[in-house]
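Written below as structure tokens is the structure these notes are about.
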Amino acid sequence: MAHGIPSQGKVTITVDEYSSNPTQAFTHYNINQSRFQPPHVHMVDPIPYDTPKPAGHTRFVCISDTHSRTDGIQMPYGDILLHTGDFTELGLPSEVKKFNDWLGNLPYEYKIVIAGNHELTFDKEFMADLVKQDYYRFPSVSKLKPEDFDNVQSLLTNSIYLQDSEVTVKGFRIYGAPWTPWFNGWGFNLPRGQSLLDKWNLIPEGIDILMTHGPPLGFRDWVPKELQRVGCVELLNTVQRRIRPKLHVFGGIHEGYGIMTDGYTTYINASTCTVSFQPTNPPIIFDLPNPQGS
């Protein structure tokens, strides 16, 4: 597998034979392809906040999984904020408004947000099913009327909201998608395999920065308590073999906070909350050279 250069030509990703078992997939590809081993794949130390931004660069501030616990977060200097979902507990409009107010007080030139599995009201199909089931799993959501959440994303007036869509800011093409492998039936959950691959196939080539809620296989996706990898195999194959972004930012797995690289793409798990839901993981900053002509 080539490292350090973008893939050439049209690449078609198919469902991986180990799709349903990410831990087995990791072991197989590590043994047979050295796919997750040094020198290409390694941990990356975070940039200290007092590091001067290089000339001709844009500084990104990455956070995720704040879960309505933003009051004590110390936000560093930067140009563009990236939040990769789970900014609420249940996606209640009151939570979204509070988050939007917090965003409004931040000084970043652009603030880009995607949903996570906790933003229940942002997932229209999920909410339709929940109504049919009489809200039995999420009784606090039952107090909402459909008109309260039909256009809940419009409450995010202080950010750019992405859902299977892209935006270009300061010359960077940024794509965002909320989907994650099924886990206890939360929002934006899909079965591993073709269902998720169909979503990843929507991501166009030429993206500079990919925002997803969950991790790809093998990069900050280890859950120690379960002794399992939980990242998406199809997402990994899409990122490494087809899209080749400069930066892939995600969260979802609180235990996986940190930075890795495969020699071409930098992977950032920016989960702010720990596994015990304490918002103590600091935001991660990352500098990228400005695209030519921007």
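Heads up, the Cβ atoms here are built off N, Cα and C, so glycines get one too.
Of the residues H248, H254, Swiss-Prot puts just one in the Mn(2+) 1 site with D65, H67, D86: H254. Within 10 Å (C-alpha to C-alpha) of I253 (GMP binding site) lie the following binding-site residues from D65, H67, D86, N117, H213: D65, H213.
As a whole number, the greatest separation of Cα atoms within the GMP-binding residue list N117, H118, K225, E226, G252, I253, H254, E255 is 21 Å. Among the binding-site residues listed (D65, D86, N117, H213), D65 has its Cα nearest to the Cα of E255 (GMP binding site).
Same-chain residues with CB within 8 A of the center of the D65, H67, D86, H254 CB atoms, the Mn(2+) 1 site residues themselves not counted, are S64, T66, G85, G116, H118, G251, G252, S271, T272, C273, F277.
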